[in-house]
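As given in Swiss-Prot:
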| type | residues | note |
| --- | --- | --- |
| BINDING | T12, T13, S14, T266, G309, Q313, G410 | ATP binding site |
| BINDING | T12, R82, E83, Y134, D244 | sn-glycerol 3-phosphate binding site |
| BINDING | T12, R16, T266, G309, G410, N414 | ADP binding site |
| BINDING | R82, E83, Y134, D244, Q245 | glycerol binding site |
| MOD_RES | H230 | phosphohistidine |
Amino acid sequence: MEKYILSIDQGTTSTRVIVFNKDGEIKGVSQREFTQHFPKAGWVEHDANEIWSTVLSCFASVLTESNIRPDQIAGIGITNQRETAVVWDKNTERPIYNAIVWQSRQTQEICNDLKDKGLEDEFREKTGLLLDPYFSGTKVKWILDNVEGAREKAENGDLLFGTIDSWLVWKLSGCKEHVTDYSNASRTLMYNIHELKWDEQLLEYLTVPASMLPEVRPSSEVYGKTANHHFFGHQIPIAGIAGDQQAALFGQACFESGEAKNTYGTGCFMLMNTGEKAVKSENGLLTTLAYGIDGKVNYALEGSIFVAGSAIQWLRDGMRMIQSAPQSEEYATNVTDADGVYVVPAFVGLGTPYWDSEARGAVFGLTRGTQKEHFIRATLESLAYQTRDVLDAMEKDSKIEVKTLRVDGGAVKNDFLMQFQSDILDVPVERPEINETTALGAAYLAGLAVGYWKSKDEIRNRWNLEKQFDPKMDETKREDLYKGWQTAVKATQVFKK
């Protein structure tokens, strides 16, 4: 009987469940979108129960459509939108408030207050993160401070906190297992990434009781089994967990120090494996845990670019210059260059390495000769320039030269963008045959834990190249173009809202 691994890819706008076979091939996919809640400007929330419902719905449809029985599933892996925080009552088994999403800015005042107390350096030193609403810790504090009766319940030990992976494992296991993995714990602002434990001092600053927190476990391990009522009585091992970007790093087989991947989604997230050493960034990067497996942990440097694929959506929906995302490539290749035009898509500020939340988008270099094609090309090029910003910071911090960049996500289908990316980095760009690297990474972690795959070497050998883009641009042109980008970013930062 052929066996499979089932991967839950719980994202920001939808949940997907994907079934993989031994060769890492996709045998079935099911996807469900869910509601985005915006209670106030800058706030983003999800209904955690609705997310759970989408998971169950995807389970049912993917098994039915792929004609796979529950007893053929060897294990379940989970990858998730990181930082999004859920607080639930362990007695009623229900969330006490909506999940506060990673994008939500509703805890800015809490962050400002902690900064005013001079605590930013301590948080940075222990967690590798910035004091920013992006991360989970201040979201948990906000819920305890703002939901009636929450703090009292928390002090009495009745409330549990988890990132989305924790919530799903708890529900899948019939409310038995309250766990998370190293990669997700490292995004909470409450976990000491050097000592590998929840940090009592940071919890005190955030006024979060330790009793709420999940047990932190390796990313590849059997955490428990599914409850009898989920898969017609079949108890399936829940065996792999990683935050979405770390799962993509694993799915891209970036197991060695210096290996890096860039995911081109709504934004771009670039991670470089730094091995068993946590590298402190002096250049605006985050230090994070990549994964824990085989009794040890790997660290990573991470750069966040806020606007990537969403810039292409903006060309389509906001500027109405294109009718579909693939059309951007056609227009970009109709001209030989951007004719001196630079688009800085700082629609929600600038991420790594600038961390300038006040910056706003700008366009430079327009002349009477500027055409729509130049504007579209310059927008695509901005994704590559921002990636260069991050890669340069990574090489400075790690003292490691990146030899190749592995890529995944929706925008990597754009051959023009991938070639320009290689040119502006002066590094080969590798696009894999299987683009679903996030879900695949979670599947690999689960499969290793249950013996479905034997080793990381076996997984590395299963990684297949679809296309490699080699740099073709001469150094003078490359550096001139990049210098223009740096000038444009500086000018953008001068013009504040």
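Heads up, the Cβ atoms here are built off N, Cα and C, so glycines get one too.
Spatially, by CA atoms, the recorded positions R16, E83, H230 include one closest to G410 (ATP binding site), and that is R16. Ranked by how many other Cβ atoms sit within 10 Å of their Cβ, the binding-site residues T12, Q313 place Q313 at the bottom. Among the residues T12, T13, S14, T266, G309, Q313, G410 said to bind ATP, no two Cα atoms are farther apart than 18 Å. Note on proximity: of the recorded positions T12, R16, H230, N414, the one nearest E83 (sn-glycerol 3-phosphate binding site) is T12, by Cα distance. Note: the ATP site is recorded as T12, T13, S14, T266, G309, Q313, G410; in the same chain, G11, G265, S310 also have Cβ atoms within 8 Å of that site's Cβ centroid. A Cα-Cα distance of 22 Å separates R16 (ADP binding site) from Q313 (ATP binding site).
If you draw a 10 Å sphere around the CB of E83 (sn-glycerol 3-phosphate binding site), it holds 25 other CB atoms from the protein chains shown. Cα of Q313 (ATP binding site) to Cα of N414 (ADP binding site): a span of 14 Å. When Cβ atoms from all protein chains are considered, those within 10 Å of Y134 (sn-glycerol 3-phosphate binding site) total 22, not counting its own.
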